[in-house]
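Peer 1: Below are the features listed in Swiss-Prot for this protein:
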DOMAIN    62-227  domain 'Helicase ATP-binding'
BINDING   HIS75, GLN76, MET77, GLY78, MET79, GLY80, LYS81, THR82  ATP binding site
MOTIF     168-171  motif 'DEAH box'
DOMAIN    417-599  domain 'Helicase C-terminal'
Amino acid sequence: MSCVHNNTSFPVQIEAYLKEVFEKYKELQESKDTSLTARFARVLKYYQFLIYSAFSDPKFGIGQGENTRGLLIYHQMGMGKTILSLSLAISLSHIYNPILIAPKSLHSNFQQSLLKLIKLLYPETTDHSKELQKISRRFRFVSLDAYNMGQQIIKAGGSLNGCLLIVDEAHNLFRGIINSANDKTNARQLYNNIMQAKNIRILFLTGTPCSKDPFEMVPCFNMLSGRILLPLHYERFYTAYVNKTTNSPLNADKLLNRLVGMISYAGNQNELNKLFPTELPLIIEKVEMSPEQYRQYLLARDVENAEKHASSGMYEKMNTAALCLPGSEQESGSSYYVRSRMISIFASEMLTVKEDEKLSEAVQQLPKEAFTENSSPKIACMLKNIKTSPGPVLIYSQFVELGLHVVARFLEIEGYQCLQPLKVLEEGHNTILLHKDGKDLMVKNFAEDEPTHTLVLSSKITRFTLITGKILSKERDMIQQLWNSPLNIHGEVIKILLVSKTGAEGLDLKYGRQVHILEPYWDKAREDQVKARIIRIGSHDALPPEEKTVQPFLYIAVANQKMFYSIPEGSQEQKTIDERFHERGLEKSHLNSAFRDLLKRAAIECAFNGESGCLMCQPTNALLFHENFERDLRLPNPCQPLVKTEVKAYSISYEGKQFFYQKNKEVGLGYTFYEYNPIIKAYIEIKPSNPLYIKLIKHVQAGTTV
């Protein structure tokens, strides 16, 4: 069976296909079959196996032939997108060259997941190194954040022709494309290379598509379709698909028609939700700035406003270029209110940065007296909340020097010890981690097949550590192993982990009980990504039921009330930058969430999972959309709702096949005929335009009914 996504029959065909795959999945799980497909059925979750089958089946067509080139794997964070993509890479590596594009910090995650997958696939093998080496040789890794990404791709395979391209954290690529002012950026060059590639299969992995703007969909689905499926210009896209008055999707039915067949979604099924810890309602701490902090904040705002005024008008007459967000030309030089946002976290008169001195060094040289509740009411509030946590705690800030490093100094003053790796040494199956107090820490590899764990640490000291973009991958992996150790269920080894945006990507953490987000961001999906580092499938399985909860906190700096009301009326900014970012994020989140709901409705598993609002059409084999999006908007919607009804009909046999018919005076020729469709396992109406229709009328009128 081959299915083409630009066809009204596609939705019912894919639903029927997935039902067959699911039955096969249940059979293979109980079998002793040693084929690769059977092995994957015993390893993968059912929702992973559905996509594995649909994508790898040469007869079905997802990502092949006249169909789309691949899928947006929109699976809730923590549901195993990495394992799914590696499974497909292994299965298809004899046909396509696997190329993984991901932030450099995530490459080791994929390599570790690959070893884990091989162990699960071949449990009868004791030495997995040969199989790992054999499979690893087929993989090529490219750093999404590298300045020479294009050269890495050429080195990896010469071109993207004939490759299976896996892009992890794909939302970063989509944003990079639409934030580019020209075609010279890495992201835009990759977009052009993908669009020009031949015989390419694509897997875009993300738990947060459409997180910045719905316009992110344009590069995503153009690359997946291999053509200009969605309009390249921001204004044309918004005119066609966004109702700015209601802040909601416009022409949603026509957009759904274009997207169907290119999305896999998994995330809100009840049986899956049971595997996650309970996320408690977000606690928003609105923290009043101290007088000195607010004074410095106002000075920073004056500077930012002056810079904004100086640059205003420079781009007013510039039309938005293709694949660009409005203002992306300016944003490359924008401060994004960095000064005022950092001061909202920490402000001290003692902080001075000398020429050629790094900000982090200046923070380290500050005396203990600089770290008080007055210099950072936010951090003081956060520390009080942390003391109530019964288990490990995750702290996030996008600011490292005046965010995480300041928090680290506060923690040290409070008596916490920083477990900071200086060197990681491999010794057989053991790993030695040298940290800054000079003592050796012996750690057994915490793999599932390693039953014993050796840890040399004082239980009297409460520890914290940091993961930022600058940390080496081996150190990052070791910190994750320590956090996930069965000996760290309640934070006995690492109580607090501080992470930046880059540092948080790809982390898979267990046991976490609190998440602290030190400042709001206008992209609420980022907050979800941070929480998803510890809210994952099975992450709290080792804890008793009453401890399987995660409490998130968000900290928002507000004006010092006494000083605010002393400012002449009309001169005050009514809301702080923190408040404005938070409110803008909520507003933007509403629109982005509505478009993510459309992606769920267009997902190939939607009807199979019994979701509501799924795109399901009468299987008339008509084109689902016109290639020209403007003309498509003017045409009637070819997707007529699929309605299943029982009718009384007569049976007729013609040329060895069974048909049914009704006498129907409302039809021009007086008959309605039905034929069996094996794909959807139901009878569908034969249209009068079908040549078979006239033949069946003559057959009935000749009196040969059965």
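For all residues, glycine too, the Cβ spot is worked out from N, Cα and C.
Looking at the shown structure, what environment does each listed feature sit in?
Peer 2: Within the same chain, the residues at least 6 positions away from MET79 (ATP binding site) whose Cβ sits under 8 Å from its Cβ are LYS45, TYR47, GLY207, ALA266, GLY267, LEU272, ILE537, listed in sequence order.
Each residue in the motif 'DEAH box' (168-171) gets a DSSP state, and the totals come to 2 helix, 0 strand, 2 coil.
Here the domain 'Helicase C-terminal' (417-599) returns a mean pLDDT of 82 for the predicted model.
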Peer 1: If you take the centroid of the Cβ atoms of HIS75, GLN76, MET77, GLY78, MET79, GLY80, LYS81, THR82, the listed ATP site, which other residues of that chain have their Cβ within 8 Å of it?
Peer 2: GLY207, ALA266, ARG536, ILE537
Peer 1: Any idea which of the binding-site residues HIS75, LYS81 has the thinnest Cβ neighbourhood at 10 Å?
Peer 2: HIS75
Peer 1: Including all protein chains displayed, how many Cβ atoms other than that of GLY78 (ATP binding site) lie within 10 Å of its Cβ?
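Peer 2: If we count other Cβ atoms within 10 Å of GLY78 (ATP binding site), we arrive at 21.
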Peer 1: Under 8 Å Cβ to Cβ from THR82 (ATP binding site), same chain, six or more residues apart: give me those in sequence order, or none if nothing qualifies.
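Peer 2: Once residues fewer than 6 apart are set aside, THR82 (ATP binding site) is near ASN109, PHE110, SER113, ASP168, LEU205.
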Peer 1: Using DSSP with the three-state reduction, classify HIS75 (ATP binding site) as helix, strand or coil.
Peer 2: strand
Peer 1: Please state whether DSSP places THR82 (ATP binding site) in a helix, a strand or coil.
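Peer 2: Where THR82 (ATP binding site) sits, the three-state DSSP reduction gives helix.
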